Amino acid sequence: MSSKTQGSPDFVQIYAVRTQRHPVTKLFTFSLILEFIALCFNVLHTVKFAADGIGFEGLAVAGDIIDIMSRTLFMLLLLLLAKGWAVTRLELTYKPLVFGIWLAYGIVHILLYVWNTTEVDIIEEIDEYQTWPGWLVLTLRVAIMVWFILELRNTMMYEHNITKLNFLLHFGASSLVWFVYLPIIALIALQISPLWRFKFLLGITYSADCLAYCVMAHLLWPTRSEQYLLLSSSDYTANIEELDEFNESPHVVHGDTIALTTAESVNADDEEVIFSRTPQNGVAFS
């Protein structure tokens, strides 16, 4: 998968995040930009390596690390949406658990990369998912997938809005495919010749990630996501302040003031009656 293919949704998403400034959109755009940067680094290294047989080793390592960060950040976004954050609720519950699992997966994934580059001999006919850190990453990914399904199920049980339920349904189906593809591909790769195994894993991984990013960009497009994404707390407070300013505007105050008629003034004799608007009862007498 070339950087041009995955770069297309990247530039489209930059336009989307400028149109709709929302925490979910910003988090997804940041993950997509990281993936694009990682692909650019890897492409530069590959082109240089094809020319002189050396390449940019430091650039290749940086690209791989940024690629891991992008995928783990995308997984965090899936977990947050599965818990209903910014869709059914503004406040996120069990924050230490969510971020702890996300951090643990990211650390184990980086350990797998370090193990694969330092401990595994390039001559050996094994790939990264045939080592103990690789099996640990796959096991942890399956466990996170099960937790993702349970959280999404609980969120959908407490949601009654049809539009939001449709979003959660399509989001859950596409995310589940993204979670489950890697363990299945890792098992299939065992039956493939070592000569083609790495290329097979790399091609499927980039293709699946590109498809997942495209589906997420489609679901979070501003004209569509505004139907089921909640406003952030700051936007909600700003709307309340604007409503208070409107209620205090002159035309609203004058409209609520009760004026005395001439007949009422005569019947009141010398007693002064003052009507004024108060927040509690609407009219006060003094």
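Quick reminder: no glycine exception, Cβ is built from N, Cα and C everywhere.
Bear in mind that TrEMBL entries carry predicted annotations, made automatically and left uncurated.
Features of the protein shown, as given by TrEMBL:
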DOMAIN    12-216  domain 'GPR180/TMEM145 transmembrane'
TRANSMEM  27-47  transmembrane segment
TRANSMEM  59-82  transmembrane segment
TRANSMEM  94-115  transmembrane segment
TRANSMEM  135-153  transmembrane segment
TRANSMEM  165-192  transmembrane segment
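No contact links the transmembrane segment (165-192) to the transmembrane segment (94-115), because fewer than 3 Cβ pairs that are 6 or more residues apart lie under 8 A.
Beyond the ends of the transmembrane segment (135-153), by six or more residues, the same chain brings 75, 78-79, 82-83, 101, 104-105, 108-109, 112, 129, 168, 172, 175-176, 179-180, 182-183, 186 to within a C-beta distance below 8 angstroms of the stretch. Counting only same-chain residues 6+ beyond the ends of the transmembrane segment (94-115), those with a CB under 8 A from a CB of the stretch are 64-65, 68-69, 71-72, 75-76, 79-80, 83, 128, 131, 133-134, 136-137, 140-141, 144, 147.
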